[in-house]
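Novice: Questions regarding the structure given below will be posed in turn.
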Amino acid sequence: MSQLDILMVVLRVAFGAFIPICFIAIGVWMERRGAGFIQDRLGPNRCNIFGFRAGGLVQNLADGVKLIFKEDMIAGHIQHKFYFVLAPVLVFFTALVSFAVIPFADTLILGGKSYIMQTVPLDIGILWFLACTGFAVYGIILAGWSSHNKYGILGGLRSAAQVIAYEIPMGLAIVSLLVVYGTVNLSEIARFQGQLLFGFIPMWGVILQPLGVVIFIVAAFAETNRTPFDFAEGESEIVAGFHIEYSSMKFGMFFLGEYVAMFVSSAIIVTLFFGGYQIPWLATETMVAYAQPIAIVLMLLLPVITYYFTNWIRKNNVSHYNRQNDPLVREANVYIKICWILAAAVELILLTLVVINPSADGVRIFVVLLQMASFLLKATIMCFVYVWVRWTLPRFRYDQLQKLGWQILLPMSLVNIFITSAVVVALS
Amino acid sequence: MTVKIKTLERQGSTFIEKLYLVEVFRGMRTTFGHFWRILLDNSKSYVRHYPEVKPEITPRWRGRHRLTTHEDGTMKCVACFMCQTNCPSHCISIEAGERVDGKSEKMPIRFEIDLLECIYCGYCVEACPMDAIRMDTGIYSVISSERSSVVKGMDELLATPGAFSEEDYKKRGL
C-alpha cells in the first residue's frame, strides 16, 4: 500500500464516521427550528457564546452539556444491567455503521488507480443496510424488556410488531428496484442513475419506480420510528415507551441514534431513488471533460447566492423590539463578513482551476468534491422532509398502522414487482 | 325548547382520502407555507420576546396581593379574619391587635401571606368587607432563592402600590 492508499482509506473512514455525527447537530437543529417555523414560532434562539448564536446551533451544545452532566442512574428494580446498558449502544452503533456502504461520490481515479468512494467498499451494499437497520430494532426491544416497566415493554412490543410489518414491504420494494438496476452494489446503483432516459430525463429511481418510492419512503419512516409511526416512543400514549427508564447520556444515545438513523435512511433514499451523488444531466465523465466551464458558472453563481444569503441574514438577524445598539445587528455583521470571506476563498480555488490548467487528478478531485456536495445537499433536503412530515402528520392509530402495512403496502409492493418484472422482460 | 343540532359531515371515507397520499401532500403544503413565511421574514412569527417584552396586564388580572390604605395613610384592614377564613389554601395568617388610630377597634399586628401556598383564586379579595386586600399590583412573577422571602409580611403588602387607577379598577366588572 502506498501512502496515498492509506490516506484515502483514512479520509473515507473519517467521512463515514464524522458526517453522520455532524448531521446529528444539524438534524436536531433543523428539527427544533423547523418545528418552530412550521408552528409560527421561532424555536430555540437564545443560547449564545459571546453573543454568537449561530442561528440556534449553540443550543445543541447546551443540550449536550446538560445530557452529559445529568445523573446517570439505573433504577433499582432493573435486574439485567448489562442488557440495559447495551441497548442504547446497539441503537446508536447500528445506525452509525449502516452508513458505511453508502457511496458519496463516483469512483475517484488518481494516477491510474481507482478508489471507490464508500467507507467500506462492499459489494453487498443494500443488504448490509437492511441487516444493520433490522438489527437496530433489537436495541429498542432490549431496552423495553430490560427496563422492566410496562410502558417500556409496550414500546418494545409495538416496535417489534411494526418492524415485522414494515420490513417486508421495504424488502419487496427493494426487490423491484433490484430488478431494474440488476445489482445490489450501491456504487453501481448510483452510477446507473447517471444515465438519461429518452436522452433528456435523468434515470433516477424515482422515475423508474414511482410506486416503489412511496412504499420505500413510508417503510423507511416506520423503520426509523419517526412520526407518524413513532409507536415505540408514543409520548402521549405510553409516556416515553422504550426509553422511559433511561436518563442522562444513555437516553442521549437513543436520541442521537434516532437522528443518525434519520440521516442514514435519508442517505439511502437519496442513493436508491434520487440519483445518489449524481448531479442531473452532468455525469462524471461530462464533468471531467467540462470542468473549466462548470468552474466558471460556479464562480458567477457564488457571489449572487452569497449576496441574497447575506441579505437574508441582515433582514432576519435583528431584534423584534426596540433595543438600543442592537447586538444582533453586530452579530449579523460578523456572519456576513464570514460568508463573504468563505465565498472569496472558494472563488480563489475555482480561479486557480480555471487559470492554471490542472492535471487530470486535480479535475477528478474537483468533480468528486462537487458530487459530495450534491450528495450532502440531497441528504439534507431528505432530512428536512423527515422533519416536515413529523410536524405535519399526527400519529397513526395502532390498528391503522398494521392495516396500512399488511393490507395496503404489502399487496402494493407485490403488484409493483409484477409490473416491474413484466416491463423489464418485455424491454430486454 | 328545541335543541340546536348541527350535523357534522364525516370525513375520510372517499377514495381519495383513503389513499392518504393526496391528503398528506395537502397537509404538507399548508405546513410548508407557514415554514416558508417565517423563514423569509421571522418578524411575522406570533411570538412575544418575553423577558424583554412584558405581556399587557389588565385590571382583571389577579396578581400579587397588597393591602390598601385610607387617604390619610392608615390601613383599611380591620382584622375581621374574613379572608383568612375564606382562603382555600390557608395561606393567610392574621394576628389581631388593638387599634390606636381611632378608625375602628381592631387592626392586624401581623398579616402574612405565604405566596408558595397561595393559588391566586381571589377569594380573599371578594370576601373583604373593607376593600382592604386587592390583587391589582400587576406582579405576576414572584421568584426567590429562599422560602422565607416568599412569605410577604404586612409592611411589604402595604408598601406595594396598585398598578391601575381607581376608575380602571372599578371597571373590571367583578
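Heads up, the Cβ atoms here are built off N, Cα and C, so glycines get one too.
TrEMBL entries are annotated by machine, without manual review.
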Novice: Can you tell which of B:C121, B:C128 TrEMBL lists as binding [4Fe-4S] cluster 1 with B:C77, B:C80, B:C83?
Specialist: B:C128
Novice: Can you figure out which of B:C77, B:C80, B:C128 (the binding-site residues) comes closest in space to B:C87 ([4Fe-4S] cluster 2 binding site), comparing Cα atoms?
Specialist: B:C128
Novice: Just to be sure I understand the packing, how many Cβ atoms besides its own are within 10 Å of the Cβ of B:C87 ([4Fe-4S] cluster 2 binding site)?
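Specialist: Within a 10 Å radius of the Cβ of B:C87 ([4Fe-4S] cluster 2 binding site) lie 19 other Cβ atoms.
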Novice: With H, G and I counted as helix, E and B as strand and the rest as coil, say where DSSP puts B:C124 ([4Fe-4S] cluster 2 binding site).
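Specialist: In three-state terms, B:C124 ([4Fe-4S] cluster 2 binding site) counts as helix.
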Novice: Sort out for me which one of B:C77, B:C80, B:C121, B:C124, B:C128 has the most neighbouring CB atoms within 10 A, since those are the binding-site residues we care about.
Specialist: B:C77
Novice: Given the binding-site residues B:C118, B:C121, B:C124, which one's Cα is the least distant from that of B:C83 ([4Fe-4S] cluster 1 binding site)?
Specialist: B:C124
Novice: Have a look at the binding-site residues B:C118, B:C121, B:C124 and say which one has the shortest Cα distance to B:C80 ([4Fe-4S] cluster 1 binding site).
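Specialist: The answer is B:C124.
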Novice: Compare the C-alpha of B:C77 ([4Fe-4S] cluster 1 binding site) with the C-alpha of each of the binding-site residues B:C118, B:C121, B:C124, and give the closest one.
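Specialist: Answer for the nearest of the binding-site residues: B:C124.
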Novice: How does the domain '4Fe-4S ferredoxin-type' (B:65-97) divide up by DSSP, counting helix, then strand, then coil residues?
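Specialist: Each residue of the domain '4Fe-4S ferredoxin-type' (B:65-97) counted once, the result is 5 helix, 10 strand, 18 coil.
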